[in-house]
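**Q** I'd like to ask you about the structure that follows.
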Amino acid sequence: MSGYNLPKTYDFSAIEEPLYKWWEERGYFKPWNDPNLPNFDPSHKPFVISIPPPNVTGELHLGHAMFVAMEDLMIRYHRMKGEPTLWVPGTDHAGIATQLLVERELAKEGLRREQLGREAFLKRVWAWKEKYGGIITRQIRRLGASCDWSRERFTLDEGLSRAVREAFVRLYEKGLIYRGLRMINWSPGLRTAVSDLEVEYSEEPGTLYYFKYVLDDDPNTYIPVATTRPETILGDTAVAVNPQDERYTSFIGRKVRVPILGRLIPIIADSYVDPGFGTGALKVTPAHDPNDYQIALRHNLEIINIMTEEARINEAGGPYAGLDRFECRKKLWEDMRAADLVIKEEPYTITVPRSQRGGEIIEPRLSEQWFVRIKPLADAALQAVREGRIRIIPDRFTKIYYNWMENIQDWCISRQLWWGHRIPVWYCDDCGAMTVAREDPTSCATCGSPHIHQDEDVLDTWFSSGLWPFSTLGWPEETPDYKYFYPTSVLETGYDILFFWVARMIMFGLEFTGREPFHTVYLHGLIRDEHGQKMSKTKGNVIDPLEVMNQMGTDALRFTLLVGSTPGNDINLSLKKVEANRNFANKVWNAGRFVIGALDSCPPAPQSSPQWTLADSWIWARLQNLLREVERLFESYQFGEAGRQIYDFFWSEFADWYIEIAKLQLAQGGDRAFYTAYTLVRVLDACLRLLHPFTPFVTESLWGHLKQAAQSKSELLAPKEGWAEALIIARWPEPHPPEDWEEEKTEHFAMVQDIIRAIRNVRTEKKVPPARKIPAVIVAGDHAEMLYEQSQIIAALAGVSTEELQILKDRATRSGNEIALVARGIEIYIPLANLIDFEAERARLQKELAEAEQQISRLEVLLAGPFAERAPAQIVEKERQKLETFRETAARLRDQLRALDQ
RNA sequence: GGGCGGAUAGCUCAGUAGGUUAGAGCGCCUCCCUUACAAGGAGGAGGUCAUGGGUUCGAGUCCCGUUCCGCCCACCA
């Protein structure tokens, strides 16, 4: 049996890499993936996914593994459905993250980027990208990602850069991009602006500092003020109170002195101030607080910036100039205490804005930046989802999306970095006018002067990612790819970047292409450790997907991620789960070995028409049921549930029952053996196809062996059209319409199963040695004939001796010297007189009888009530039959109890 | 301050057409190296589906309230 030449344990490490190479070389990842078919068929609707581009310098983590598993699943499924399928891969330049990495490298050499200058620095980054940029894509291949690498893109590629320019200029020309002085979030460490989304707020224990603002006209009187950031006192330009606040009415319009600095600032009235909070008086620092800035605008206050780009105090801070913001806080407070300006300190929980990258504390800062006027874009994006042109799965994120879109603020898109798309704006040194252009200009568009210089800033990375679904296909050119593959189909990613990325793609897609960039958004959850903790290096609970793949194989990891998750819900991953799925891959492998072995030894194709056994029919019916279920589940994006059902079918029906029975049928030889092999092949083949999107490697590998074995056997086993040259491009199995016989065969087989289980159960209970065959009498009424045909199977699987198995329609006498069982109304007697403990038997039978009677009365009540009239006839009938069976069972149990008493 | 998710077996979780005896994996107990697989096979123990109400012939599943856990959004010094 050549099937047994395959290794006994599935050896993924020998299989995965060559298989992936083969797929790629054969061109299966391309949309026209069958090498035997013509190259382009525009009449087919394509299925397209753009990869969420990982950071070019990133390293594989479970988030990547998750999206690859999900997207590759969808891609492989649609490919097998025969659709032209394209998965566009690529990477993101990831401005901040990458620049930070390179700057850190420089720091090791004692260098800062300013010392190198822009050109030289960018050269370094590109060199870095060339060196490490391939790592992540290699790792993604390792996961089995079947993307079309010939179409790989990078956000800083020439084509994509052109798209970015085009987008910027179009928005600018429409008046949707503007430059202005605004309060933005400033990252002192990176010395750049960041967007609202890049700031995370954390509740932290802090202090509320109370101090005195002394009145200029009455040095003995002061107005008490509280702040969480004393250093900002240096930039105060007013103290505000609520106009309704009677405590302070007399102060309004008078002046106070800024502590230490001695500047005179006014006390003003503004209804923004909450009289109930703190002291009811608010210090106003327009340059360092967004609310204060608004107040300043209303009252025309002076705006004093007291901090440098690195959040040190500048010359406006007088004696504190040069100090770091937190040093200053300490020093200033001490000085104020010495000057008797301190009232008290109170512990206070403050909401600290921190950078998403690195966690440093963000400073609100007034500065000149570029913004996208987002409202018009957001409105269109809102419409697209409201009108169902884009569907978000799971549905609950739709609300979150609405909420964000409805309250969206203008998007700060300029970054004071060097690594990224430089803003295509030039300033004239002579007339000062701006030139915004698609191509680098040589002169000022307004005055014609050649003395122009480009804006120093680059664009937010997400600006280019927002164009990803169409920029990767060639936009703004009307390339064949763009025309055919755009819009894409499904956008799949983690819910954590719904706003960062998904929302922006929708806005940009609608704005620039006039179409929704995809019709469906599928969001997966975050991956946590086995107890739901976030994975982090400090906690030491990080699972490295590469490690997992090395240990258990790619299929095991993929299957775990897919089956262990439901849309939008976080998944708690543990190695135990992966291990269980590695075992599954091994199970599949071994079932395959068995089937291939069966093929090798089975007789040639018969002339006669097939005669199916109950088991054959049953497994076929169950397979059809599975195909229907999987189809339904895939349609509704319930991939995890689909995987689970395939798993269950494969293991507990196909392997546990059909294969066991197949051994008996094969042993009969002749036509029976052939048709058994035929069924084995059919079912295994279908399972491999169904599993392929989940576990591509073990299925492809096994399928190749199976195909070979089947083809060398007979045309019947391997009809040409069914067996493509690779599983990856083989057809997805379609279910047959349900047929009448299916229900009956399923029912009958369930009976056989229950009888076998009942006997096995009693064997274990009575501690019958496994090898010992026992006698049994089955009394089955109308089912006797059907069961008689299954007697071999019952005997073999239940450990009953074939000679001593009787299957009767009825039996006049019952002896007390038998163990009596009832399964589905069928009686089973095991004459094991020496093993019978009469008391225990009576107790057991009585317990079973009680259970049956309880069910009977429950069902009687149910069927006598309104249920019978109101519930659908089918459901009622089902319950009626159940009641019948229980009555039957109860009657048999009573017989047996009586027999026991004789 | 708003909004969302979770609460099901010792652990981690499925259960998304409401159908009446609630499932899996791991762990646990008994037995078995049976010629695909010990990464396996057979049998078993274990759950008042967080809680209180409601809708319905019927609720783990739908509606309302409560408690605990987690998350997102929001400019309160």
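Yeah, the Cβs are placed from backbone N, Cα and C, and that goes for glycine too.
Note that TrEMBL annotation is computational and uncurated.
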**Q** Between A:54-64, A:197-207, A:439-449, which stretch does TrEMBL give the note motif ''HIGH' region'?
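**A** Per TrEMBL, the stretch marked motif ''HIGH' region' is A:54-64.
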**Q** For which of the residue intervals A:364-368, A:534-538, A:809-813 does TrEMBL record motif ''KMSKS' region'?
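**A** Checking TrEMBL against the ranges A:364-368, A:534-538, A:809-813, the motif ''KMSKS' region' one is A:534-538.
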**Q** Over the domain 'Valyl-tRNA synthetase tRNA-binding arm' (A:837-900), work out the mean pLDDT and round it to an integer.
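**A** Reported value for the domain 'Valyl-tRNA synthetase tRNA-binding arm' (A:837-900) is a mean pLDDT of 83.
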**Q** Below 8 angstroms Cβ to Cβ, which residues of this chain, lying six or more residues outside the motif ''HIGH' region' (A:54-64), approach it?
**A** 91-94, 97-98, 101, 128-129, 132-133, 135-136, 139-140, 142-143, 154, 494, 526-527, 535, 542-546, 561, 573
**Q** If you count Cβ atoms within 10 Å of the Cβ of A:Lys537 (ATP binding site), leaving out that atom itself, what do you get?
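**A** Looking across every protein chain shown, the total is 7.
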